[in-house]
């Protein structure tokens, strides 16, 4: 497929949870999605946002919500996020036996469908499934906590997805340790959607930080 404009998705995990509506508004004019990390303390050893917060955030902002489900049993829970108004719902390949069936259910429920691949999971078994998805989310850390160090060796997965994508309209999203330096590496490897937490919400001006990340990604990919 032709080069597509880089997409920036600030991670709400790095935002002030007591001020989520304000934090969303602070970047609304500078970003494409808001990335919402849903963790259940089972699939990963951390507990974060759940469905009620996503429903409230959907009412508070017009920015599309990119929900990343780091949970057990997404077959049971994922559809609720689509019904709550999430634009894109990504679930982990490691958490379901039939990712294609769940992707089709998500699309039928009105959202885009994304497949997330954790650090230690091989990408090759899932490349043939790309036509069933709108987003392929490659973790560039071990899923579970924000603020971790970017693992550049995981960009080989991004390269593999880019090579397999062909003309499919599938976003290649990277999540973990994305900042002003690492976004260039990820963009050069073929990523075109970038989740950034502390690099945006840890900045004095989150909107300006998001715009700067987009420019770096655009320049690196050109």
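Glycine is treated like the rest: Cβ placed from N, Cα and C.
Note: TrEMBL annotation is automatic and uncurated.
Residues annotated as substrate binding site in TrEMBL: 11, 68, 144, 145, 146, 147, 175, 176, 177, 197, 198. Residue 175 (substrate binding site) carries a strand DSSP state (E or B).
The secondary structure of residue 35 (divalent metal cation binding site), as reduced to three states from DSSP, is extended strand. Summarising the annotation, TrEMBL assigns divalent metal cation binding site to 35, 37, 68, 175.
For 37, the entry in TrEMBL reads active site, proton acceptor.
Residue environment of residue 175 (substrate binding site) contains 27 other Cβ atoms, counted within 10 Å of its Cβ in all protein chains. Here TrEMBL flags 175 as active site, proton donor.
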Review point. Taking the centroid of the Cβ atoms of 35, 37, 68, 175 (divalent metal cation site), which other same-chain residues have Cβ within 8 Å of it?
Key: 9, 11, 13, 36, 66, 67, 90, 137, 195
